[in-house]
Structure formats: structure tokens, C-alpha cells
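For reference, the structure discussed in these notes is given below.
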Amino acid sequence: MNTGGGQYTDFPAVETHGGQFISYDIFGSLFEITSKYRPPIIPIGRGAYGIVCSVLDTETNELVAMKKIANAFDNHMDAKRTLREIKLLRHLDHENIIAIRDVVPPPLRRQFSDVYISTELMDTDLHQIIRSNQSLSEEHCQYFLYQLLRGLKYIHSANIIHRDLKPSNLLLNANCDLKICDFGLARPTSENDFMTEYVVTRWYRAPELLLNSSDYTAAIDVWSVGCIFMELMNRKPLFPGKDHVHQMRLLTELLGTPTESDLGFTHNEDAKRYIRQLPNFPRQPLAKLFSHVNPMAIDLVDRMLTFDPNRRITVEQALNHQYLAKLHDPNDEPICQKPFSFEFEQQPLDEEQIKEMIYQEAIALNPTYG
């Protein structure tokens, strides 16, 4: 999240519901939150879902990022995604994962249509940094990689696959602390039906996902980490595919056309046929192409960008790699004590049920509003 977005301007504020809520007019968009939140209120981001502002939580005296998801229940998939994200963030507790602070209850239960979620406030994200002209030392890049793997170790230990790791989902603050966000696409590690509801950003997508393999594993996140780290070192995306086919082409041109033994992981005959008709590219030596990158870093990336997910390095193994030796501390890389349960998604949920479940999350965090 980038705070470059706004400076505090006086937004009209009106107390509502007997002073329990305050309604702000942010550039014509209504922002109605509980009265513990006070100015300065600063718009810091805009997305397809709505608007994000930083605002002061007077109970903790902390500035938080407040995201408004307007008409959150209009689209069934989006509503499920919001519920999933809230439940996941409430379950996860780790220094390298964005912490949820609040789900604001609606003033009137029967008129519940917008969802407000507050999280820790961060200064920027990795996408902004990569695109900026801010210089990054190798130590910076190494430290970002270490924190990303440290957070991912915890996520995978909770039986969760993130599925959408990319630079804009890695938030940073001025101390170079990195926190993983955006769990709306996360999935259980042991689930076989392929979720097509959202398009994961193509550039960071593992080959098994490009090939529509339905039994993908946590290894897809490791592939994304390899792509992100190389983008950090080169200041440009490693595989900026224009479409599915182009993406696969870029992968094979750099990493070589997969051999028969690389394809053992997929039972999809169409995928195998597609690979077999590709031109036969040899694997390019990454160390030669990226001679400015530490050879030990290249060795680690090589192990992350391995075609066969069964042979790809795991997060735990990556943390143990020599390149991260001076940061790695096995006593300070915690795992999640309790696996996350995706059970709430097993039964088909209608709009009202999702609304009720999000309402219950809000009330759990704000018992006096129940």
C-alpha cells in the first residue's frame, strides 16, 4: 500500500446513529465507520473493490489502513473471497503477514452492504519499490527474500497455499519489514478441484497452473517467489507473458523445454501434447545471463524455478540454503500451531449466509455493537 496517494484534507464528517458511527465524505464516496476511528483520514489507495484510507484508531492510538469494499455482497465470488480473507487473517498471526485489526460492524444489520476491514498500515509495496528509482542493495533484496520465505513457511504450515504471490501483495514499511497480504485466493493444500474463479497474475504463475494441472501443491508459491526475487534483482519482470501461450513460451526459452521426466507431475494429456510440440529450447545458464547476481542467489533461484513441482525446492529447504545463511535462524521461524480449516466453504453459501458470517466476524471483534 502506498501512502504517496494522499495528504490529509478536511473531509466532511457527520456523526450518525447517536454518535456510534462517523460518516466521512471521501471524494464523493461515503465512508461510515465506528466512532473510535478519527482523523487524520487520508486516502491512500483505490482498487476495483473500493477505496483505502489511513485513519487513527483512538483506542490503540495506531494509524490503520481501512479498506471499504462497496456493495460487498453483489458478486457471489467476491463476497466469498472477502469472507475467506477475513477468516484467514484472523487465524494467521505472524510478523511477515499483514495483521487484521478490525471488521467494522454495519450500523444496521438489515442494511449491511459495505464491508470495512482495517489492517496494519504499511508505507508501500514491493511493486512500487521495483518501479521506483530507489536503489536497492543486495542486502535489501536478500532481506526481502528471507522475510517472504519466513512468512510463507508459516502459511504453508497452516495448510494454506497463497496462490497469488506478486510484488504488489508484499507490503513494506520504512524499516524494510515485509508483510504478505491479499489472501482472497488462498486455498487448502490438500484440495483437488481446480479453482478457476479468479485469474492469478500470469507472470508469477507456476507451469503446473499454466498447464491446468488440478493437483497443484504449495510448490506453486515457491515458483512465484523465484520470479519475484529475480524481478527485484533485475528491476523488471522475469516472465512478462502477454497471454497463456506467450507465458509458457517465455518459461521454456529461459528454462529449457521440459523433458518427458519433467512432465511426470501432470496427468493432463492435452498439456503433455502441448509441451511436446514446443520448439526444443535448451536451459539457459542463469548465472551467465544474470552475471550481476550473486551466484549463490542464482543457485537458489534455479532450485525454485524447477519445472517439476516435485523436484522444486520447498520453503523450508530454501530457508536452509547457503544464500540465506546469515539471516536464517531456525529458532525464529515459527510455524502455525493449528491448521486453518476451509470447512466453511464446503457447503454452498448463499448471499445471506455469507453476510451473516461476515457480520459474526465483525461482532466478535466489536462485542458492544452486537
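Yeah, the Cβs are placed from backbone N, Cα and C, and that goes for glycine too.
According to Swiss-Prot, the feature domain 'Protein kinase' maps to 38-324. Summarising the annotation, Swiss-Prot assigns ATP binding site to I44, G45, R46, G47, A48, Y49, G50, I51, V52, K67 and lists sequence analysis as the type of evidence. Taken from Swiss-Prot, the feature active site, proton acceptor applies to D164. Marked as phosphothreonine by Swiss-Prot: T196, T201. Annotated phosphotyrosine per Swiss-Prot: Y198, in sequence order.
In terms of Cα spacing, the binding-site residues I44, R46, G50, V52 all stay beyond 10 Å of T201 (phosphothreonine).
Between the CA atoms of R46 (ATP binding site) and the residue listed as 'active site, proton acceptor' there is a gap of 19 Å, rounded to the nearest whole number. Mean pLDDT across the domain 'Protein kinase' (38-324) comes to 92 in this model.
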